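Peer 1: First the structure, then my questions, so here it is.
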Ligand SMILES: Nc1ncnc2c1ncn2[C@@H]1O[C@H](COP(=O)(O)OP(=O)(O)OP(=O)(O)O)[C@@H](O)[C@H]1O
């Protein structure tokens, strides 16, 4: 965390410098008061006038100093928190598929909002304020020693008690603060989940039960916040009590010295004023140290995200794809429970077209996920042109592959931005992608054509239109390998046929399609059909070979053909 605090040294130094000057000026106020009072009591008009003029100028300078200090602190804070947030954000994006999905996305939102706010309010700000407190403390001690060493000694003796507070309260506050942060994540997750399920809530009239769930979560957060605030309150109250004891003992001793003529009235006022300068900073330092200690769990949670991101700089990169992809004896289990693939060996040659078919849950999509490097914990090996994927960095593999999913996510932006995804492509490339994907066909009914906003997750588009945008998004990447995971399932039969037909005609494209649509007209055009069952490859071959074998594919195909026939009869 220190790395972030020291990142913007220039602004930090400016803030610290002006804070220190401000702190010293604050201490100096006691001397001004002493001077004004003593000149007044001694009826020294000339001295009194000078003291008033000097004090007035002093306060103007102090205000100006305070303004510079505040401004530089805001700038320092803005820069530091922006960098910190950026690193947490990058850390989240660097996570691999598995560890990203281990957490709910709302947790990350909470990390970037609630937790960062805590870092600002309970870690960095107290650190900065403490610097001023320390200077006030040192300056006050020096002036107090100059006025009267005995009073200083008594004040010190009583205030030492204050330092035991972080020792007693630091750990319980940290634990409670950690619980609040965890509960805030759950709370954000719950709200996100409820709002995402808005349609279900409305259609099933479950507003009341959802409100109930919201209230339970909300109450739990507030309860934990209260527990955390409660212990912080106890800590602050004990600090205050000990602080007041310090001050009262100083005033009592000062009064005694006044009566015995060893102290002037002005000096006694200065001692009272300085008592604040001693007791205040000690109390603030104690509270802030306790606060900073309390942030340990939240900080380490955020730093873990920043540091654990997968950096694969030592791995080779796959520059191009020229020959084949080989899966050899692949077995894979999700969460050590469900065996999704069982000793699968397949070879996909460059520019050939493959269809992967099989019953639901037979492991088809899992093959695509492993090719995309979502998971590493499989047995066997996957290689691109003979290079083992475990030795190649995932980014370089992903540059060779595009995927079109069944349910693809759309950003709340225009169609164009959803296709380009922030990368540079020529007008012709965009035009071609719009044509092949069929997006072009519905652009004229949209208000702003390709620049039309499509709403949250494409809510302004139909399922089929969304899928066409997804297809355009993949095609424009112009990668040598294209994966389709039910990539045309939301389209009407004619459009789906046209798009798949176009893709099958592209000679320099390797296509792997996971499909449930067993249409002879399309499947017969694939070079090879891979039939999966319970995680195993049970058959491989061309359409006619598989139909003639009369095995698993034939069974699936017959059921599908019968369904189609029944549908036609019903219509
Ligand atoms: N993220 C996951 N976590 C745990 N289990 C999973 C996960 N994804 C898939 N599975 C399980 O792995 C098995 C294979 O799933 P997969 O998605 O590969 O099947 P599929 O053949 O593509 O199915 P479908 O045709 O229904 O899409 C299934 O039993 C499924 O329940």
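From the backbone N, Cα and C atoms, a Cβ is placed for every residue, glycine too.
What TrEMBL shows for this protein is this:
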| type | residues | note |
| --- | --- | --- |
| TRANSMEM | 12-31 | transmembrane segment |
| DOMAIN | 16-294 | domain 'ABC transmembrane type-1' |
| TRANSMEM | 51-68 | transmembrane segment |
| TRANSMEM | 127-147 | transmembrane segment |
| TRANSMEM | 153-171 | transmembrane segment |
| TRANSMEM | 234-259 | transmembrane segment |
| TRANSMEM | 265-286 | transmembrane segment |
| DOMAIN | 325-559 | domain 'ABC transporter' |
Peer 1: Assess whether the transmembrane segment (127-147) lies in contact with the transmembrane segment (234-259), where contact requires at least three Cβ pairs under 8 Å among residues 6 or more apart in sequence.
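Peer 2: Not in contact, no.
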Peer 1: Are there residues at least six beyond either end of the transmembrane segment (234-259) with Cβ under 8 Å to its Cβ atoms? List them, or say none.
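Peer 2: Non-local partners: 148, 150-151, 154-155, 158-159, 161-162, 165, 168-169, 173, 265, 267-268, 271-272, 275-276, 278-280, 282-283, 286-287, 290.
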Peer 1: So, do the transmembrane segment (153-171) and the transmembrane segment (51-68) meet, by the test of 3 or more Cβ pairs under 8 Å (sequence gap 6 or more)?
Peer 2: no
Peer 1: Average the pLDDT scores across the domain 'ABC transporter' (325-559) and report the rounded value.
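Peer 2: Summing pLDDT over the domain 'ABC transporter' (325-559) and dividing by its length gives 88.
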